[in-house]
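Colleague: Just dropping this structure here.
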């Protein structure tokens, strides 16, 4: 412990000793106990000082939650890389890439950093930088998660549109002046206004009073307004899913089930945002809060969402693959119809099925698609080869 001369020097520079084993002048704070005893010189310089927010205590429940969260984030990276390799093949322009995976990358970063910072919450005698980092990343994870849902639903809507146009041949029903295109133009602007405002109000809040345990600062109007705005952004994203389902109809492959699971997965986190905003006892920035509550309602929903999106993206074929499959199926059907028509024409030579043949005449070459042109060229080559070999039908 300090001798009397050291105590007088500290008091000369407005330091006060507190019962929790710290000494501070409201600018600098140091631990003072048997293991950590700061030494002050006559000029005010302090040596052997251990900052109050240094992790000196043993690991506890908050640290275990942080470690588990960080591990789940690292396990998610291989799934994310598989999806990036699948959907970014050929390096498409940035605006045409699957933006949900960019947001998932940011979500992994936020949750991992927040998890590591949460480890030191129990180990710090006085909360400081670790709690600030955790609080910032924790509040950042929710708007990022809602942005992921928005882009997944947007991609789903585009997939339904391409399915109706390419596969269903309903291009005439969706002209450029259709109201859905006007909605799709303004909807992202409205969504990001609510989502970004919710982010700026909560994540960019001054954290000094919050980490010191000021319940009024942790539940002030900024956090309440942020909760409402983020909830509106989530509802708006869900509304766009309903609009897409109404206009383009539900996907027969059952992909809409994955959309519903993703939208519901983040709902507990939104509910917890309201709970912690109106009650400091449940607030994640409160060092006394139950760590299991923070993990179950704070960390788990974004992790479940990220895993669901990555597994869904890995299991479901991409839009390009669906269009390629539709084109190949169309080619097979055209070849089958051409073969049937040629067989019927052969039988009509003997007076069989002539009326049916008149209804199955192939289209002119100018109106043929690429598959029909290919079949026509193959037929001509076969007929020329038959003539040259003398195999002409009498």
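Every residue gets a Cβ built from N, Cα and C, even glycine.
Okay, these came from Swiss-Prot:
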type	residues	note
CARBOHYD	3	N-linked glycosylation site
CARBOHYD	14	N-linked glycosylation site
CARBOHYD	20	N-linked glycosylation site
CARBOHYD	25	N-linked glycosylation site
CARBOHYD	283	N-linked glycosylation site
CARBOHYD	286	N-linked glycosylation site
CARBOHYD	344	N-linked glycosylation site
TRANSMEM	64-84	transmembrane segment
TRANSMEM	101-121	transmembrane segment
TRANSMEM	133-153	transmembrane segment
TRANSMEM	180-200	transmembrane segment
TRANSMEM	228-248	transmembrane segment
TRANSMEM	256-276	transmembrane segment
TRANSMEM	291-311	transmembrane segment
Colleague: Among the glycosylation sites 14, 20, 286, which residue has the largest number of other Cβ atoms within 10 Å of its own Cβ?
Modeller: 286
Colleague: Out of the glycosylation sites listed (14, 283, 286), which are within 10 Å of residue 20 (N-linked glycosylation site), Cα to Cα?
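Modeller: Those near residue 20 (N-linked glycosylation site) - Cα within 10 Å - do not exist; the answer is none.
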Colleague: Are there at least 3 C-beta pairs under 8 angstroms linking the transmembrane segment (228-248) and the transmembrane segment (101-121), leaving out pairs fewer than 6 apart in sequence?
Modeller: no
Colleague: Quick check for the class: what is the C-alpha distance, in angstrom and rounded, between residue 14 (N-linked glycosylation site) and residue 25 (N-linked glycosylation site)?
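Modeller: Taking the Cα atoms only, residue 14 (N-linked glycosylation site) lies 5 Å from residue 25 (N-linked glycosylation site).
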Colleague: Could you check the glycosylation sites 25, 283 and say which one's CB has the most other CB atoms within 10 Å?
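Modeller: Compared across 25, 283, the most Cβ atoms within 10 Å surround 283.
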Colleague: Cβ pairs under 8 Å with the transmembrane segment (228-248): which stretch of 64-84, 133-153, 180-200, 256-276, 291-311 has the most?
Modeller: 180-200
Colleague: For the transmembrane segment (291-311), name the stretch out of 64-84, 180-200, 256-276 with the most CB-CB pairs under 8 Å.
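Modeller: By Cβ pairs under 8 Å, 256-276 leads among 64-84, 180-200, 256-276.
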Colleague: Within the same chain, where does the transmembrane segment (180-200) have neighbours whose Cβ lies under 8 angstroms from its own Cβ atoms, ignoring anything closer than 6 residues to its ends? I mean 6 or more beyond.
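Modeller: Hits for the transmembrane segment (180-200): 139-140, 142-143, 146-147, 150, 154, 157, 174, 226-227, 229-230, 232-233, 236-237, 240, 243, 247.
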Colleague: In Å, rounded, how far does the Cα of residue 286 (N-linked glycosylation site) sit from the Cα of residue 25 (N-linked glycosylation site)?
Modeller: 24
Colleague: Could you pull out which residues elsewhere in the chain have a CB under 8 Å from any CB of the transmembrane segment (64-84), counting only those six or more residues past its ends?
Modeller: 98, 101, 104-105, 108, 111-112, 114-119, 121, 291-292, 294-295, 299, 303, 306-307, 310-311, 313-314
Colleague: So what's near the transmembrane segment (256-276) in sequence-distant terms, Cβ-Cβ under 8 Å and 6+ beyond its ends?
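Modeller: Same-chain contacts beyond the ends: 141-142, 145-146, 148-149, 152-153, 156, 218-219, 226-227, 230-231, 234, 237-238, 241, 245, 250, 282-284, 293, 296-298, 300-302, 304-305, 308-309, 312, 316.
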Colleague: If H, G and I count as helix, E and B as strand, and all else as coil, what does DSSP give for residue 283 (N-linked glycosylation site)?
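Modeller: It is coil.
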Colleague: Taking just the CA atoms, what is the gap between residue 283 (N-linked glycosylation site) and residue 25 (N-linked glycosylation site) in Å?
Modeller: 28
